[in-house]
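Novice: Structure incoming, see below.
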Amino acid sequence: MNKQPFLIAVFCFILGIFFQDYFLLPEKIVFAVIVIVVILCGFFFINRSDLFKIRNFIFSAMFFLSGIAFHGFNIAHPKFFNFKKNEVIVFKILKKLNSNEKYKKYEVSAEAGNQTFKAIVNIKRESEDLDFNHYYKSQAYITQPQNPECDFQFNYKKYLSRKNIAYLCYVNGEISSAARNDLGFAEKSKQKRLEILQKISTLKISSKSREFLKGIILADRTEIDAETVQDFNRSGLVHLLAISGTHIAVIFGIFYFLLTKFSSISLRKYAVLCSLVFIWIFAFFIGFGNSVVRSCIMLSIYFIYVILQRKPDLLHSLSLSALIILIVDTHQIFDVGFQLSFLAVLGIFWLNQPILKYFPRQDSFVKKLLFNTVSISLSAQLATLPLVLYYFHQFSFVSIIANFVIVPFSQVIIIFSFVMTGLIAVDLEFSLLNAVYDGLIRILLKVIHWFAEFDVFFYKNIPFNLAEIFVFYLCIYYGRFVLNKPNIKNAYHLALAVYAFLFVRISFDIYYNFQNEIHTFTYKELKILVIKNGGNAVFLLKNSSEENKIKDFIIDPYLSSRRINNFEIKHIPDPVKTVKIHHHQYKIN
């Protein structure tokens, strides 16, 4: 604890958040917790030997209780109003969200019937884009998100409630607008970003290259087509589209290089500070995403250590950045991107150097760059694998090779994309540069698509639960010691961890293979009947154009949650209204 106080602090703080989220302690108890935290904090100013002996316990308890207190005040309780099904709403845009084939989606602050609330507004795909410069008014169908039917389905209602959003609005009338004269600095920045995105949309390059450019620099993936997203997911390269540590480091490097190129050595310290200021401005401009803030904080702490001539500590900066983000918004711990971002860096810290030892000697710049890229990529993938399996239940072995091939060139792509975005922002356009960029991205997307087509290496519906996550991380923990020092003792500990993982996994497989059930699901107005017998399942449904979505949102999640080995989809003729199984009637309509 003496060496890594911030790591212990953030771990205890996270436990406190989970505790409060599960038990939902009332406000009076939360206030009592705050009093206890203040008392515990006071103990650090009392110089007594008996308190000194338990200082570690006091420190841990203080941050655990702080997590409870902060989350207690952060838990959103959306207000519910008696709206009519169709209401006239007035709203302003807070954030543009991912579109689907039918609607463009926006997170908004809305007003209806003298009541103000946050909502998700859906407008038809062919409608004009909305912006931050206007208030909008329209007739809309207002509804509340529904709880999922089953435990294995994504809880969209809870996801929205963490953002204090309780309503979905579907615009079904003409949208009128009025110019705003109350734009704040943050909204002006969002509008400027939106204008740059609109300029990119008019660029004379392929649509896929345009959407890639928006995603890799401006963190806008709202219009990327489903096929491209699927290719990135199946090839394990979706992190290229997320603004991450690599992007921030490259952008920092560009600005630092330009400043040092035209200044003396004595001004290097100021070049570092100016570069740090620039990446924070960039982070603000693109909306302070989790991985962006984490990267900016870590880079800032690292270079502050360097400027102060102290040895940088990766875990200190990682833990401190996590603590700062969670203090500002405790709900971020439930964000998958937050979890994957921090675990990737933790995995690099834990596994990179041990893995790098097994590569050939790095006696040239090219070898050093290549081997470090491969070892960092492998470390991050191993560290995030349990969570990827838990949330997405799929994995492709080709992703390992794809990352080895693509990631070393990602810095060139990021720099090129950053230059393109900068030129577009100042209304400079060069046809030759556009053609070169378009050609490069087309080749990149074709290579990624080629990797994504290796179905033989792609596994989906992989069951994985919290117990398996915990034991898998034990394997990763002990794996480092075997890589560093392969001896009998370390191999024994790793073997025990692997045995524990296999025991847990096989136990859950056996348990679910003894479970039989008949269940009815609803997707929109369609009924789906599933008959589970051990490790086999049969799905009964009528022919529908929505079958692919039913498979994505109902069948696949069910298969992974119930650990189904074999399944079959049977189509019921249209005239059939009910199905009789074991003397029970089940409606199919």
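Glycine is no exception: its Cβ is also placed from the backbone N, Cα and C atoms.
This is the feature table in TrEMBL:
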- 26-174: domain 'DUF4131' (DOMAIN)
- 217-484: domain 'ComEC/Rec2-related protein' (DOMAIN)
- 29-46: transmembrane segment (TRANSMEM)
- 58-76: transmembrane segment (TRANSMEM)
- 237-258: transmembrane segment (TRANSMEM)
- 270-286: transmembrane segment (TRANSMEM)
- 340-359: transmembrane segment (TRANSMEM)
- 371-392: transmembrane segment (TRANSMEM)
- 398-420: transmembrane segment (TRANSMEM)
- 432-452: transmembrane segment (TRANSMEM)
- 458-479: transmembrane segment (TRANSMEM)
- 491-512: transmembrane segment (TRANSMEM)
Novice: Taking the transmembrane segment (432-452) as the first stretch and the transmembrane segment (398-420) as the second, find out whether 3 or more Cβ pairs fall under 8 Å, excluding pairs closer than 6 in sequence.
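Specialist: With 3 or more qualifying Cβ pairs, these stretches touch.
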Novice: Mind checking which residues of the chain, 6+ beyond the ends of the transmembrane segment (270-286), have their Cβ under 8 Å from one of its Cβ atoms?
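Specialist: Long-range Cβ neighbours of the transmembrane segment (270-286): 186, 189, 192-193, 218-219, 243, 248, 251-252, 255-256, 259-260, 263, 292-293, 295-296, 299-300, 303, 306-307.
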Novice: Per DSSP, what is the residue count of the domain 'DUF4131' (26-174) in each of helix, strand and coil?
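Specialist: So the counts come to 48 helix, 46 strand, 55 coil.
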Novice: The transmembrane segment (58-76): which same-chain residues, six or more beyond its ends, come within Cβ distance under 8 Å?
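Specialist: Apart from its flanks, the transmembrane segment (58-76) reaches 1, 5, 8-10, 12-21, 24-25, 27, 30, 33-34, 36-37, 40-41, 43-44, 51, 161-164, 326-327, 329-331.
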Novice: As a test of reading the model: what is the averaged pLDDT for the domain 'ComEC/Rec2-related protein' (217-484)?
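Specialist: So the average pLDDT across the domain 'ComEC/Rec2-related protein' (217-484) works out to 89.
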